Amino acid sequence: MPLINLPAFAGELLADFERLKTLRVDTPVIQPAEPFLDMAGEDLRRRIFMTESETGESLCLRPEFTIPVCLRHIETATGTPQRYAYLGEVFRQRREGSSEFYQAGIEDLGDADTAGADARVIGDAMLVLANRLPDRRLKVTLGDQSVFEAVIAACGLPAGWQKRLIHAFGDQKLLQKLLGELADPKSPGVFGPEVERLAIMGILGDEESLVGHLAETMEATGYSTNASRSPRDIARRLKEKMELATTRLDKAALAVMREFLAFDLPLAQAPAALHAFARKSKLKIDGALSLFDARVAAVAKAGADPGLIRYRAAFGRPLDYYTGLVFEIEAEGAPAVLAGGGRFDRLLTLLGAREHIPAVGFSLWLDRIERAIAAAGGAK
Amino acid sequence: MTITIALPSKGRMKDDASAIFERAGMRIVAVGNDRSYRGRVEGADDVEVAFLSASEISREVGSGAVDFGVTGEDLVREGIADADARVEFAARLGFGHADVVVAVPEVWYDVDTMADLGDVAADFRARHGRRLAIATKYWRLTQQFFSGSHGIQLYRIVESLGATEGAPASGSADIIVDITSTGSTLKANHLKILSDGVILRSEACLVRARKPSHEGNPAIDRIISSVRSVL
């Protein structure tokens, strides 16, 4: 098993990070496995390298840096705002390439100026990539989870459908499938015989009596009413499910959603296009759009070339902790994503931070950057 | 070349497997006394029999340490990554039937399909501060079914090596993935199987390790065709 050596440009990259006024941090290679599995889901288990401590605690080799950097921030109780930089090895089984490789990046924690911090992170990622690949045109794809959520909410769908669609953001195939189902519901939903019985008993429509009935049933069958889903959770979801089954999206609303998801245009043109779209479709999404506008303005002010950035409305990244901005950067002519990042305002509280800490960051795949440099003829 | 067949070392599985081999003209006798863990096939000097536990059998066939094994399909698919590439299910033997299923509390009136469960799982942490917990000993089958077939990734597995059906009532997990043959234990614990929640319909199988040395070996083909001929 050949070890990957530190990429030749690591020193220059770290110097860039320092000029960007970040604090370089290191985190232990051996990490508790729980936070990664909790945030990314059980699927990650097959891809990370796990072991156990003598006392039975699940441990793993660091599969990425965002969670360790955030955990370190919480543990050391460092104040915010704080901009961290990291460069180190991560361990993850990938479809192609070695299972141990280098990543570097910046995590910007606690800056209340959302638009400004977003723009700075995009600008920083573009800058450090341009410094490694001076002759290659960068291609930045930008998406926005919160604009998507605002459009979904403004279309007036029931809560259950909103959740399904939001959960599918970034997964093109799933999203198209859900829209298809919304336009043309094939199945009225599967309901068990109990639900029919409840309907006959006449308590299906009344939340309070339904909750009472569920609580009685749970007690009679030895289920605790608070360890897992409560009677009220079940009653509310049952109502949501009945709405899911009966909702049909009319042609006009479906066309609005499809029109939105088809947006793929230079970032500079996106604000005007989105405002025109909202006006024409009579959608109230001013809150999300004003943040979007502010970010576009801030990107230009931060000195990043907006001409290299495209906004794609359907673009998301497959991790459910992103809350707003998401982006990826490629170099023209190379198919691999060299940098990816986004905003994760909920992550620190989920990891145990006492106060709300907004956060945004990006990470770089150093092995792919190395290959892109080599392909460009060994230029700096 | 000596061919090794791994058979269950005790219980109904052992008796049923021996009966099929006997009908197929391969009477299995123990070497030494009755409780020996080694055996042979009467009249076939080139065949050895190893009596092992069912889960060991799946591991040994998976690694190619034995040529054939009789064990449950569930154990093979759970124990071996990419099972179909490494072993061949040469014959389904018609005993040891059991389904690996997703079961949730009966009182979850709003959950009857995997799609319902996906909705509940997506929302779970926001409501309960933790992921949906699944008690199971079937890690691999659960992951394949939940993420591979149904796109559900937001859950946690809680390992459970026994009395899994009791986990939801005791509060140590929310739902279970477990094996059931009649469904009576699920019912007794007030659990219901989702309408599309059958992960695998398992039964005892004659499983062959895919080894290059088996290519064109008439003794291998003979064992498979004799077993198939009596099913």
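Positions of Cβ are set from backbone N, Cα and C atoms, glycine also.
Curation plays no part in TrEMBL annotations; they are all automatic predictions.
Lifted from TrEMBL, the feature list:
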| type | residues | note |
| --- | --- | --- |
| BINDING | A:Glu64, A:Phe65, A:Thr66, A:Arg92, A:Gln103, A:Glu107, A:Arg317, A:Tyr321, A:Tyr322 | L-histidine binding site |
| DOMAIN | A:24-172 | domain 'Class II Histidinyl-tRNA synthetase (HisRS)-like catalytic core' |
| DOMAIN | A:308-369 | domain 'Class II Histidinyl-tRNA synthetase (HisRS)-like catalytic core' |
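Model confidence over the domain 'Class II Histidinyl-tRNA synthetase (HisRS)-like catalytic core' (A:308-369) stands at 91, taken as the mean pLDDT rounded to a whole number. Here the binding residues for L-histidine are A:Glu64, A:Phe65, A:Thr66, A:Arg92, A:Gln103, A:Glu107, A:Arg317, A:Tyr321, A:Tyr322. Their largest Cα to Cα distance works out to 21 Å.
Neighbours of A:Gln103 (L-histidine binding site), defined as other CB atoms within 10 A of its CB across all chains, total 20. Under a cutoff of 8 A between CB atoms, and with a sequence separation of 6+ in the same chain, the neighbours of A:Arg317 (L-histidine binding site) are A:Gly143, A:Gly170, A:Val326, A:Glu328, A:Gly340, A:Gly342.
Helix, strand and coil residue tallies for the domain 'Class II Histidinyl-tRNA synthetase (HisRS)-like catalytic core' (A:24-172), in that order: 61 helix, 38 strand, 50 coil [DSSP]. In the structure as shown, the Cβ atom of A:Glu64 (L-histidine binding site) sits within 10 Å of 20 other Cβ atoms. Within the same chain, residues at least six positions away from A:Tyr322 (L-histidine binding site) with a Cβ under 8 Å of its Cβ are A:Gln145, A:Gly316, A:Gly342, A:Arg343, A:Phe344. Counting residues per DSSP class in helix, strand and coil order gives 9 helix, 25 strand, 28 coil for the domain 'Class II Histidinyl-tRNA synthetase (HisRS)-like catalytic core' (A:308-369).
All protein chains included, A:Thr66 (L-histidine binding site) registers 23 other Cβ atoms within 10 Å of its own Cβ.
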